[in-house]
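Have a look at this one.
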Amino acid sequence: MAFRNLMNKKTLGRGLGLGLNHVRGLQTVSLPDLAYDYGALEPAISGEIMKIHHQKHHQAYITNYNKALEQLDDAITKGDASNVVKLQSAIKFNGGGHVNHSIFWKNLTPVSEGGGEPPKGSLGEAINTHFCSLEALVQKVNAEGAALQGSGWVWLALDKDAKKLVIETTANQDPLVTKGPTLVPLLGIDVWEHAYYLQYKNVRPDYLKNIWKVINWKYASEVYEKVCP
């Protein structure tokens, strides 16, 4: 995830001498590069979808998040408490969109790079323990994703306190942390229509069925093993 300090957006010494660095610790974000070409996930996900999804949708969340941060800095500088509160929804929605998509791109990889290969090691064992089999996990994730009303995400997560794998769904662009601070995202699947409509129309179950062919279980395993070494 690429960052640049907010203080670089405006020169210091303006007005009362407070630039954008007045929002302590907040940083704007930029679009991350993908580790594969847009067409590398075909036929599971078309190159056209990937290009639009990455360049248009993810970029829009980033643009709007950065804009909201600048507005937040201005509101704090002016002591405008009403606007500070008002901006929280835009920050959550667009910031969540950036966080979620940054995970999503890493959850995918071409078949030639191991996409769809079943998880091994400790994550594979944990899946068998908590869901009986990988096939049972896939069926449950697909069912949860297909049943999610409107737009959102379906997640395979690790509850790091309970040391247990769980499946969760989040609405819109809510990040997984909104369901609990102990949940670590291992795998997130975007079930917004923009993730599949150009290829699968309104048949979300077909998209969910095929995306497993390019799931990057190696990445999910690396995240799991960092938390449960």
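Each residue, glycine too, has its Cβ placed from N, Cα and C.
Positions annotated as Mn(2+) binding site by TrEMBL: His53, His101, Asp190, His194. Positions annotated as domain 'Manganese/iron superoxide dismutase N-terminal' by TrEMBL: 30-108. Feature annotation from TrEMBL assigns domain 'Manganese/iron superoxide dismutase C-terminal' to 119-222.
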On the 0 to 100 pLDDT scale, where does the domain 'Manganese/iron superoxide dismutase N-terminal' (30-108) sit on average?
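It averages 96.
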Which of the listed binding-site residues (His53, His194) has the least company, meaning the fewest other Cβ atoms within 10 Å of its Cβ?
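Fewest other Cβ atoms within 10 Å, among the binding-site residues His53, His194, is found for His194.
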What same-chain residues, at least 6 away in sequence, bring their CB to under 8 Å of the CB of Asp190 (Mn(2+) binding site)?
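Listed in sequence order: His53, Asn100, His101, Phe104, Trp153.
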When secondary structure is assigned with DSSP, how many helix, strand and coil residues does the domain 'Manganese/iron superoxide dismutase N-terminal' (30-108) contain?
61 helix, 2 strand, 16 coil
Using the recorded Mn(2+) site (His53, His101, Asp190, His194) as reference, state which further residues of the same chain have their Cβ within 8 Å of the centre of those residues' Cβ atoms, listed in sequence order.
His54, His57, His58, Phe104, Trp192, Ala195
Just give the helix, strand and coil counts over the domain 'Manganese/iron superoxide dismutase C-terminal' (119-222), going by DSSP.
53 helix, 25 strand, 26 coil
